[in-house]
Ligand code: NAD
Ligand code: 13P
């Protein structure tokens with residue numbers, strides 16, 4: 001049997017944490033996977049050296065996941081085509097603003113029987129409609145694409161603290177393969193069929209987390225934040241059911257649903273930067289640069305994309321929390337509207 005060759009596309013905070021898991025799991029399942037895992041790294045300078053050289057020498061990504069060592073079977077590759085050549089399992093784990101163009105470059109390089117999984121938390125929103133990244137990647141590469149999302153703050157997963165995650169896969173066979181690639185004794189995977197719900201939850205909870213951060217910045221306390229989380233959950237469900245009729249209610253009870261909302265609204269980057277925005281009034285892009293050392297926010301951009309999509313359909317009034325987050329961040333609406341207008 002030909003073994004599966006794995007390529008991880010992305011090497012940020014989460015990309016590095018899942019790269020570690022994958023590199024360990026391919027060795028555990030050596031009857032299925034080739035030992036070497038290639039990871040595409042967006043090349044940059046790190047203290048005068050190429051980041052890929054540092055990662056390959058130190059077995060660590062000191063920029064995006066400092067202090068966490070990788071096994072020696074993962075190799076950082078700066079060229080996307082080299083990284084994905086003949087790969088039969090593709091793991092997409094990029095900030096959603098950088099996905100465009102990636103598939104075109106890889107198209108001729110990947111194995112003909114390839115399958116993929118998207119860990120991207122964001123939506124491809126165009127004026128004509130919302131597209132899931134799994135569907136966008138599937139269309140561009142002509143392959144099956146599953147989705148993984150959950151209550152998974154990367155730094156905690158990398159320290160091997162127990163958590164759960166959800167994989168949504170239409171194909172049972174691919175679901176089983178991805179279970180073997182990701183599941184560990186501290187990272188419990190549950191595979192479901194509702195890949196649409198998995199992905200939508202991952203994207204939309206980031207907008208709710210921005211709202212939770214604004215509330216924290218105003219010092220409103222736990223009850224207010226719980227109300228924002230509950231209203232956010234209702235809007236996530238309504239968005240799914242309005243624009244993707246197939247989303248199942250049970251998905252919101254998986255790790256990708258309510259659990260991810262809770263963790264992102266307490267320990268996530270979107271919450272943290274939104275809190276600083278409310279306290280300091282500095283622009284979001286300035287705070288992102290100052291506070292995240294190259295890591296990227298997804299929630300503010302998703303709020304803007306969701307607003308454009310809803311506004312084109314004259315439906316902004318139907319999603320008051322999403323809309324209020326957008327207006328506070330992009331239209332100087334008063335911070336207090338986070339409770340007044342939702
Ligand atoms: P990150 O926020 O650490 O982003 C930095 C990454 O973006 C780096 O790898 C950097 O090289 C890359 N980058 C910068 N400019 C680029 C460009 N022009 N083109 C391509 N890449 C570029 O990334 P992350 O934390 O790995 O997040 C990836 C996805 O995973 C996101 O959708 C995020 O929401 C999701 N996610 C993150 C976490 C987490 O805790 N970090 C947890 C679960 C899911
Ligand atoms: P942040 O991007 O807000 O840090 O959220 C990380 C995450 O998705 C945890 O599951």
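We number each residue from 1, going along the chain as drawn.
Here the Cβ of each residue, glycine as well, is placed from N, Cα and C on the backbone.
On a predicted model such as this, the values are computed, not experimentally measured, just so you know.
Database features, via TrEMBL:
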type: ACT_SITE; residues: 205; note: active site, proton acceptor
type: BINDING; residues: 10, 11, 12, 13, 14, 15, 42, 98, 154, 269, 296, 298; note: NAD(+) binding site
type: BINDING; residues: 121, 269, 270; note: substrate binding site
type: DOMAIN; residues: 6-173; note: domain 'Glycerol-3-phosphate dehydrogenase NAD-dependent N-terminal'
type: DOMAIN; residues: 194-339; note: domain 'Glycerol-3-phosphate dehydrogenase NAD-dependent C-terminal'
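Cα of residue 269 (substrate binding site) to Cα of residue 10 (NAD(+) binding site): a distance of 18 Å. Spatially, by CA atoms, the recorded positions 121, 205, 270 include one closest to residue 296 (NAD(+) binding site), and that is 270. For the recorded positions 10, 14, 42, 205, a Cα-Cα cutoff of 10 angstroms around residue 121 (substrate binding site) retains 205. Contact annotation for binding-site residues (14, 269, 270, 296) versus ligand 2: 269, 270, each with CB under 6 Å from a ligand atom. Residues near residue 270 (substrate binding site) in space but far in sequence (CB under 8 A, at least 6 apart, same chain), listed by position: 206, 209, 210, 213, 264, 297, 298, 299, 300. Taken through DSSP, the domain 'Glycerol-3-phosphate dehydrogenase NAD-dependent C-terminal' (194-339) splits into 115 helix, 0 strand, 31 coil. Counted over all residue pairs in 10, 11, 12, 13, 14, 15, 42, 98, 154, 269, 296, 298, the record's binders of NAD(+), the longest Cα to Cα distance measures 21 angstrom.
Other C-beta atoms found within 10 angstroms of the C-beta of residue 12 (NAD(+) binding site) number 21, with every protein chain shown included. Taking a Cβ distance under 6 Å to any atom of ligand 1 as the criterion, the binding-site residues 12, 14, 42, 269 reduce to 12, 14, 42. Long-range Cβ neighbours of residue 42 (NAD(+) binding site) (same chain, at least 6 residues apart, Cβ-Cβ under 8 Å): 10, 11, 98.
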